[in-house]
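Taken from TrEMBL, the feature active site, proton donor/acceptor applies to Tyr174. Here TrEMBL flags Lys202 as active site, schiff-base intermediate with substrate. The pyruvate binding site annotation in TrEMBL covers Val245.
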Amino acid sequence: MALSNRLALPLRPALAALRQAAPRQRRGLSTPSGPGHTLDLRGIFPPLTTPFSPTQEVDYARLEGNLRRYTSIPFRGLVVLGSNGEYPYLAPHERLQMVSCVRRALPRDRLLLAGSGCESTQATIELTVSMAEAGADVALVVTPCYYRGAMTSAALVQHYTEVADASPIPVVLYSVPANTGLDLPLEAVLALAQHPNILGIKDSGGDITRMGLMVHKTRQEDFQVLAGSAGFLLASYALGASGGVCALANVLGAPLCQLDHLCREGRWQEARDLQHRLIEPNVAVTRRFGIPGLKKAMEWFGYYGGPCRAPLAPLSPSQVEELRGIFSANSWL
């Protein structure tokens, strides 16, 4: 018997109970016709940064401080251990402690998505089960990419199918080609959308045509598309995306939730004006300066950013000045 099947057998009753108990509703802007889904992902999710002390240890007290401030913002939930959480640099026990810490601080009506993707299917299954035990509501599973030349559509469909079969919580696919060098093929996404335990995808590639096709081609499935960046959030919503997992929400969470609200209300001119002011800051804390830039910007808005874990290096003084200028030019500072 395959490993995924051995692990899945004792988990299937719990998974069935979860599906039965979960709300089944879909309304508003992201309402492609189709069956109800197990969890509603409509809204904004910040992919949390991991706070480190000056000695590069995880600072859980600082994390709790940021979480207290985030509870006042109407996020749909939080993402732990995504790309912005410096996930590859954390030890296994740190990853689980991060999930446990956030779960304790997070109101029960907000979802906790936890990154559990590993290079092998077996390791991904084991970590996904552990994340569920630590309190995650959803597993966010990035594409394995070390042997990217062998990661065909068939290989990726097999990988995600085994993970979803074994997972006690719903799975969200995660395609982030800027980090992995691998775009989860559209045909694989469409095949996996039919799996009852695959809830949706976080797509960070920025290809709006591709995202529109995902929404269109899965409109009869139990599947939700999440925009992976604030820079194309409005465009994604216009095509029917359910929500956004946006690094910039660590800094400008309330404005991003306002953009979400304006889109759902159909107030497109106001939404467009706000989106325009978010594009340059978003580029600055993602492609331009990355996580060091994101953490620096957090400090200007009252959050703890702190250092990154090596080998990520801090910004130079000139880079800090450029970053500040971008936020100021768009009237955020």
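Using the three backbone atoms N, Cα and C, a Cβ is placed for every residue, glycine included.
Counting in whole angstrom, Val245 (pyruvate binding site) lies 11 from the residue listed as 'active site, proton donor/acceptor' by their C-alpha atoms. Around Lys202 (active site, schiff-base intermediate with substrate), the C-beta neighbours below 8 angstroms that are at least 6 residues distant in the chain are Leu140, Val172, Leu173, Tyr174, Ser175, Val176, Leu226, Gly228, Val245. Take the CB of the residue listed as 'pyruvate binding site' and look out to 10 A: across all protein chains shown you find 29 other CB atoms. Around the Cβ of Tyr174 (active site, proton donor/acceptor), 27 further Cβ atoms fall within 10 Å across all displayed protein chains.
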